[in-house]
Amino acid sequence: MSIPTLCKTIKEKNMICLLFKGRKGKSYLSVHTEEQAIPGILPAEAPAKKFDQRENEKPLSLHSCSVCGKDFPYASKLQRHLRTHSGERPFPCSMCEKRFPEKGLLMIHERVHTGEKPFPCTFCEKRFASQGELRLHRRTHTGERPYHCSICLKSFSRHWHLKTHLEAMHSEVVAGFTRKKFPCSDCEKSCNSAAELRDHQRTHTGERPYQCSFCDKKFALSGTLVRHERLHTGITPYHCSDCGKTFAQQWTLTTHMRTHTGEKPYSCTQCDKSFVAPGELRRHTRIHTGEKPYTCTDLCGKQFTQKGQLKGHQKVHTGEKPFSCPDCGKSFAHSGAMNRHRLTHTGERPYHCSLCDRSFNQSGRLREHEKIHFGEKYDCPECDKSFTRASSLKNHFRLHTGERPYGCDICGRGFSRSQSLRLHKRKHGTVHVEVLQNPKLLLKAAQWPI
């Protein structure tokens, strides 16, 4: 569909372009160019007749951003936008160290401290800290899906669901509508704006101008810094309107929402599996390709399919365990491992099986358990054996590869399983450090034959 045809269709359907959803007036229509329009459309809130009336309004004098060239109808909106480039946050919270670029965002944040929820739902007893949260929640009652894809006519309840859908299902069409004008001189990448290009070039220069006010870490992007600092402050500003769970980042909320909707927009082209997030699809694809792009280059040469696996593995060499349990002092190499460990103190089992009454303290254990109900198994590609757990297949597969990743630091003998190493160390008269740190394993060790 050509741009004029698309825009004509949008106008006839009383809809406006996704990238220009907040723009009004003839002056904005004049900059609705082929380079900027994309075929994702949203419902216009004003009736069609008002849309036509706006055509006859006087053109507004636009205020342009000197950094990225974006236009704004008011100087005040331009001023707020400039803070996204400068990182300025002139509105401090009086109850914590957080700062905000806009007064309205500060007011919403302060309700985290006060517990105030002034916006009640008229359908149920829930209350919310902001009108935006209430508006999203109301759609769970009304079933409203106001965001429509102009290509396949699928509807969504949230605008970021539409954006994700466009990227996943119509990426080639979108790419044709969004030609990028700012090429990088160091690689083949092109960017949509000068600001985006400047941020990208830091991947080449290594520049990290944004420093965390709580630790020594530095970041190339201001947004990355904001998300990182939430690890220190514990602030989780993104709320699930269906179950009340909160998140520190928008994308984690978006991914979580798909557990309620059942939506899995990322499909594998080599099998029938679908996934809720693009990262999950990328990692899954490596099962088919055998690709292991992350190598432990400095120490042992071991390869991994995921960057996180490599970072975790490197701590085996360094012995680094920066995350300590505040309840017992036990240290962990990963924050996720520490959080899972803390559930052993509380006894909490937040992951419930929907098919029986069992509960688990880890989401992975719930997924493994559910496969028992569905009869789903992991097949060994080398022989005809099948397993109900991925970990069991992994251990079994080492019989084919000969891999022995667990080495004895006393005699150098290697083992395919950590349990075999612990049993072996009994022969040396020593108990593995993991056993000493884990009461359950220590009890098992006491029962081993001498």
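Placement of Cβ uses the backbone N, Cα and C atoms for every residue, glycine included.
Here is what TrEMBL says about this protein:
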- 63-90: domain 'C2H2-type' (DOMAIN)
- 91-118: domain 'C2H2-type' (DOMAIN)
- 119-146: domain 'C2H2-type' (DOMAIN)
- 147-171: domain 'C2H2-type' (DOMAIN)
- 182-209: domain 'C2H2-type' (DOMAIN)
- 210-237: domain 'C2H2-type' (DOMAIN)
- 238-265: domain 'C2H2-type' (DOMAIN)
- 266-293: domain 'C2H2-type' (DOMAIN)
- 294-322: domain 'C2H2-type' (DOMAIN)
- 323-350: domain 'C2H2-type' (DOMAIN)
- 351-378: domain 'C2H2-type' (DOMAIN)
- 406-428: domain 'C2H2-type' (DOMAIN)
Given the cut-off of 8 Å on Cβ pairs that are 6 or more apart in sequence, determine whether the domain 'C2H2-type' (210-237) and the domain 'C2H2-type' (91-118) share at least 3 such pairs.
yes
Answer with yes or no whether the domain 'C2H2-type' (238-265) touches the domain 'C2H2-type' (119-146) by the criterion of at least three Cβ pairs under 8 A, sequence separation 6 or more.
yes
Which listed range (91-118, 238-265, 266-293, 294-322, 351-378) shows the maximal number of Cβ pairs under 8 Å with respect to the domain 'C2H2-type' (147-171)?
238-265
Residues sitting near the domain 'C2H2-type' (182-209): Cβ under 8 Å, six or more positions beyond its termini, same chain?
67-70, 84-85, 218-221
Helix, strand, coil residue numbers for the domain 'C2H2-type' (406-428) per DSSP?
11 helix, 4 strand, 8 coil
In the domain 'C2H2-type' (351-378), how many residues does DSSP call helix, how many strand, and how many coil?
12 helix, 5 strand, 11 coil
What counts of helix, strand and coil residues does DSSP assign across the domain 'C2H2-type' (266-293)?
12 helix, 4 strand, 12 coil
Please compute the mean pLDDT of the model over the domain 'C2H2-type' (266-293).
85
Of the residues in the domain 'C2H2-type' (323-350), how many are helix, strand and coil by DSSP?
12 helix, 4 strand, 12 coil
